[in-house]
Each structure stands twice: as structure tokens, then as C-alpha cells.
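**Student:** I have a structure I would like to understand better, so I am pasting it below and will then ask my questions one at a time.
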Amino acid sequence: MKSFETLGLSKGLVESVLQIGFETPTPIQEKAIPVLLNGNRDFVGLAQTGTGKTAAFGLPLLELVDDKSRDTQALVLAPTRELGLQIANDLENFSEKFKSFNIVAVYGGSSISEQIRKVKKGAQIIVATPGRLIDLIDRKAINLKTIKYIVLDEADEMLNMGFKDDLDKILSFTPEDKATWLFSATMPREVRSIMKNYMSDPFELTVGEQNTGNVNIEHHYVIIQDKDRYLALKRILDYNPDIFGLIFCRTRIDTQKIAEMLMKDGYNADALHGDLTQQQRDRVMLKFRQRSLQILVATDVAARGIDVEDISHVIHLNIPDEMEFYTHRSGRTARAGKKGVSIAMISKRELGKVKQIEKTLKSPFKRMTIPTGAEVCQKQLLAFMHKVNEVKVNEDEIAEFLPAIEAELKSLTKQELIKRFASLEFNRFFDYYRNAPDLNVEGRRGASEGGEDRHSSSGARFFINLGKMDGIDVSKLIEVIDDASGLGKSDIGRIDLKGAYSFFEVDTEKADQILKGFSGIEYKGRQVRVEVTEQKEFGSRSRSSSSSSRDNNRGGGGGRSSGRSSGGGSRSRSSSSDQKKKWR
Ligand code: AMP
């Protein structure tokens with residue numbers, strides 16, 4: 001593996017980069033930097049977002065641009081204000097120990113006169129969104145005749161957003177002999193035509209296979225009914241208590257509505273879309289970056305290009321109409337070599353779209369089922385108990401209160417204490433999820449197609465509170481079931497072992513034998529709990545179909561002690577029926 005020193009960069013610049021924490025170049029940096037340092041060749045870099053493109057073009061720019069001259073020598077164009085600011089900020093950081101540049105970001109939604117003032121002071125590097133740059137050109141506030149390097153970052157996005165005419169106009173104001181560096185995650189026809197019209201014999205670099213998605217993203221999908229979209233979203237959120245996630249909606253109205261519903265239901269969520277003022281958007285982004293906001297609900301345009309570290313999940317409340325949108329949405333996670341999960345919520349008729357993305361990205365999608373109420377509760381409880389285990393106790397502060405606490409609780413055994421403690425935190429949660437309906441849609445893919453397929457249509461599925469953490473493996477679980485109920489290996493269908501719990505299936509008619517058999521059974525001194533999770537099979541007996549209205553009318557899981565109000569759970573609007581067929 002190469003180091004930054006061997007790529008031909010100056011010592012000061014290498015030091016800056018190392019200080020930021022970049023130890024080794026990413027693949028695109030390793031390949032692009034030596035080429036771009038030559039300075040006179042047009043360049044096309046085809047790489048996914050999050051691969052380190054900014055430093056790949058930024059470091060050579062900082063080498064090549066003369067800080068002693070006040071002429072504007074480099075122009076970087078980016079599709080959104082967010083991305084533009086990020087790039088300008090990165091360039092500032094990279095150059096800190098190297099040269100003294102005046103780097104100016106020019107973008108809409110902020111005082112144009114202030115930006116003009118900064119440009120007029122002599123900015124060697126300008127980072128701009130196309131629309132605002134056109135404003136500056138029209139006001140004759142900017143001279144592009146001295147430009148030597150122009151970077152078109154996320155070119156596919158700029159074209160998607162309708163900046164084609166603006167780009168044409170901007171490029172016509174720059175000198176013929178400049179070098180043009182174009183970066184794009186995808187290579188649609190429109191990008192090819194920019195290359196053809198404005199570049200000569202570009203050096204073309206593809207990092208990873210063309211159109212191959214970031215391998216660090218796990219792509220999942222869930223099939224739900226349109227009416228259950230919001231409930232299913234809450235289940236997913238509740239099943240991932242430590243989520244730091246981005247939820248994409250198609251329209252501004254949906255975005256605002258879903259964010260409001262989540263907030264009302266006690267989630268730490270907020271909205272980002274174009275109907276907000278710039279100040280409101282900045283405030284939301286700041287909260288999200290600082291992680292004081294856990295869930296950001298956004299439109300494609302507003303969240304395009306944002307680089308927030310460690311986003312764990314991207315959830316597509318609706319699968320987008322355009323392939324590029326899916327790439328850009330999911331590219332907000334798994335950045336800088338980290339792992340991430342992308343979950344597309346689809347209706348059954350949208351399976352074709354998933355197949356198409358799968359084919360284009362050459363990344364398999366895994367079918368995921370919406371967690372059951374029992375699974376969510378188990379997961380939340382364990383996550384909470386894990387936090388209890390990990391919490392840092394401030395011995396000095398708590399010491400003076402301990403005697404009183406101990407006196408109050410002295411009659412409770414450890415086990416009772418744990419139970420009460422858990423109940424205090426989770427009773428609302430249990431109430432909400434008790435009898436919650438299965439939100440999965442039938443017609444799952446068979447095992448041969450891969451993906452998860454937990455429920456069998458003819459069998460009953462059971463939850464058992466024993467799992468790998470109890471030393472249970474498949475044969476041990478069969479033994480436990482046999483001991484309790486007398487049902488043997490041939491009666492037991494699919495077994496799904498999890499950490500602290502498991503699932504198993506038996507024929508519907510043998511379900512009672514299981515439930516009776518396990519009544520009062522203990523395993524290693526612990527009460528064994530077995531419950532039916534597949535309600536369809538037992539709807540007439542214990543799980544009534546009225547559970548669906550329960551799920552609708554309660555506040556939702558999560559936010560255990562957040563004083564969540566009730567009455568959330570209304571449905572998100574579904575517009576899948578009027579989706580335009582724009583798949584390439
Ligand atoms: P970019 O594609 O330029 O938006 O970069 C994606 C993320 O990777 C950003 O958070 C960068 O700070 C980070 N990054 C870029 N290059 C490196 C590197 N060589 N080592 C570690 N992190 C990097």
C-alpha cells in the first residue's frame with residue numbers, strides 16, 4: 001500500500017493530511033493524485049461517493065494553485081450548498097500547514113453581497129453551486145478568465161438537478177486551456193456528453209467496478225403493505241435502538257409529515273427539506289452532525305452529498321424512481337471504509353425495482369422481515385441492559401445518596417430488582433408491542449433465492465427466550481423442545497438461533513403441545529418463555545386481529561422514558577401507485 005509521501009505531494013501538505021488522520025491514501029487518491037499533479041490533463045474519475053474524492057482532487061489543486069497570486073485559479077462546482085461547504089472546509093483543513101489560501105464558498109440561501117466581498121478580496125479557489133455562481137457572473141462580480149482548473153464534483157448529481165444549462169454557461173466563461181476534472185458516481189448519457197463537449201482526451205479512472213455499489217453497504221429490503229409503511233418504519237427504528245440514521249422520503253410534504261409523526265411518537269427525529277429556511281436547515285444539520293439528533297428525515301435534494309460520519313442506516317421509506325437516487329441515498333452510509341445498512345421499504349409490486357438495482361449495482365439485496373413485537377422488546381431490553389452494564393458510575397457523586405437508596409430497596413432480591421427496573425423502563429413498550437401484528441407481507445422469496453424467510457406458511461412459529469448466549473445450538477434446542485413437549489426432530493421445522501433468543505417452527509396442529517409442554521419449564525434455573533409469533537395461524541385463539549388497531553393507536557416503541565405521547569401511528573402517504581417508470 002502506498003503512502004501519501006510517495007504520491008508526489010509536498011511535505012507540508014502530507015503533514016496536514018496526516019494530522020487530520022488520513023494515514024494511507026484511499027484507492028482513488030492513490031491513483032488520481034499522481035495524474036492530477038501533472039496539471040495539464042483533463043480527468044474523469046468514476047467513483048462512488050464516500051471514497052475520498054475530495055482529497056483526490058483537493059490535494060493536487062492545493063499543490064498546483066499559486067497562493068502568492070490573488071487570481072482565481074481554481075473553481076470547484078458542487079451540486080449542493082452542503083457539499084460545497086464541505087469541500088471548502090476540507091480544502092481549508094488540508095492546506096492549513098501548507099500554503100495560505102483564500103478559499104471562498106459561494107452558494108445560494110446566504111448573503112450574496114458578503115460572498116461577492118470575499119471573492120473580490122482575491123480568492124485563489126472558489127467552491128460554488130452552479131446557480132449562485134451564475135448570479136455572480138451576471139453581476140460581473142467574478143472573473144473566470146484566470147481559471148486554470150475546474151472541478152465538476154458529483155457531475156451526475158448536478159445534471160440530475162437540472163444544472164445542465166448553468167454548467168454550459170459557466171464553462172463558456174472559462175478559458176479554453178484550463179484542465180477539467182470531472183467526478184461522478186454514475187456515468188449516464190448526460191455526463192458522457194459533458195465529457196464529449198468540454199474535455200479533450202481525458203484520463204479516465206474507475207475505482208471499483210463501474211456502477212458497483214460500495215461493498216461496505218449491506219442492502220436490505222422489506223416488503224410491506226402501503227398502509228403499514230409508518231408502523232413498519234417504527235418497528236425498524238425500535239429494533240435498532242442505537243441507530244444513527246437517515247430516512248429518505250420522496251416529497252417535502254412527506255418528509256415533514258413523517259418527521260413530525262416520529263417526533264410526536266417520541267423519537268429524536270427532525271426534517272430536512274427545501275421548504276425550510278436556510279437557517280432552519282443549518283440548525284438541523286448541525287444537530288445531526290453533533291449527533292444530538294438521532295434520525296434525520298430528508299428529501300433527496302436536501303440530503304444530497306452530505307458527509308456525516310458514522311451514519312449507521314439509510315432507510316428508503318419509498319424506493320426512489322431513479323437508480324442514481326438510490327446510489328446517492330445509500331452512499332450516505334458506509335463512508336470512509338466503515339460499514340452501513342441500507343433498507344428499502346417496498347410494496348410487493350416494487351420487487352422488480354429491487355431486482356433492477358441489484359443487477360446494476362451487482363450487489364445482492366437481502367430480504368429482511370419486519371421484526372415482531374417480541375423481537376423488538378427483546379432487542380430493546382438487551383440494549384438497555386447492555387447500557388446498564390457499561391454505564392460509568394460517578395462514585396463520588398452517588399456516594400452520599402447510596403445509604404438512602406439501599407434502605408429503600410433493602411427488601412428486594414437482585415432478581416426482583418432487575419425485574420422492577422426493567423418494568424419501570426419497559427412497561428409502556430411491552431404494552432405497545434404486546435399483540436402487535438405481523439407487518440410482513442406474504443409471498444416471500446423462497447430459501448433458494450437467498451435472503452431471510454423466517455415464517456413458514458403452514459407452520460406456527462415460536463419465540464423462545466433461549467439463544468446462543470445460553471450455549472444453545474440447534475441440537476440442544478431440539479433436545480430442550482423434546483424434553484418439554486415430547487416433539488422430536490421430525491416435528492420441528494426451521495430453527496433460527498439468535499443471541500439471547502431463538503425461533504422455531506412446528507406444524508400448526510402441534511402448537512398447543514408446545515405451549516402446554518413449556519408451561520413452568522426452567523432452563524439452568526431460568527424460566528423458559530415460549531410464545532407464538534406467527535399470529536395468522538392462531539388468530540382465532542389467542543391473538544385477536546384487533547391488535548392492528550392497537551398498533552395504530554399507541555405511541556410507538558422507542559424513547560422509553562421520553563414521555564412519549566400517544567396517538568401517533570397514522571399512516572404515511574403512499575405514492576407508489578403513481579410512480580413514474582424511470583428506471584434505466
Ligand atoms: P469524500 O469522498 O471526499 O467525501 O470522503 C469521504 C470520507 O472519507 C470523508 O469523511 C473523509 O474525511 C474521509 N477520508 C478521505 N480520505 C481519507 C483517507 N485517506 N483516510 C481516511 N479517511 C479519509
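Keep in mind that glycine also has a Cβ here, set from the backbone N, Cα and C atoms.
TrEMBL: automatically predicted annotations, no manual curation.
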**Student:** With TrEMBL as the source, identify the stretch among 2-30, 437-465 annotated motif 'Q motif'.
**Tutor:** 2-30
**Student:** Which numbers of helix, strand and coil residues does DSSP report for the domain 'DEAD-box RNA helicase Q' (2-30)?
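**Tutor:** Going by DSSP assignments, the domain 'DEAD-box RNA helicase Q' (2-30) contains 18 helix, 0 strand, 11 coil.
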**Student:** Hey, which bits of the same chain come close to the motif 'Q motif' (2-30), Cβ under 8 Å, at least six residues off its ends?
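**Tutor:** Here the qualifying positions are 37, 45, 47, 51-53, 55-56, 59, 62-63, 93-99, 205, 207-208, 337.
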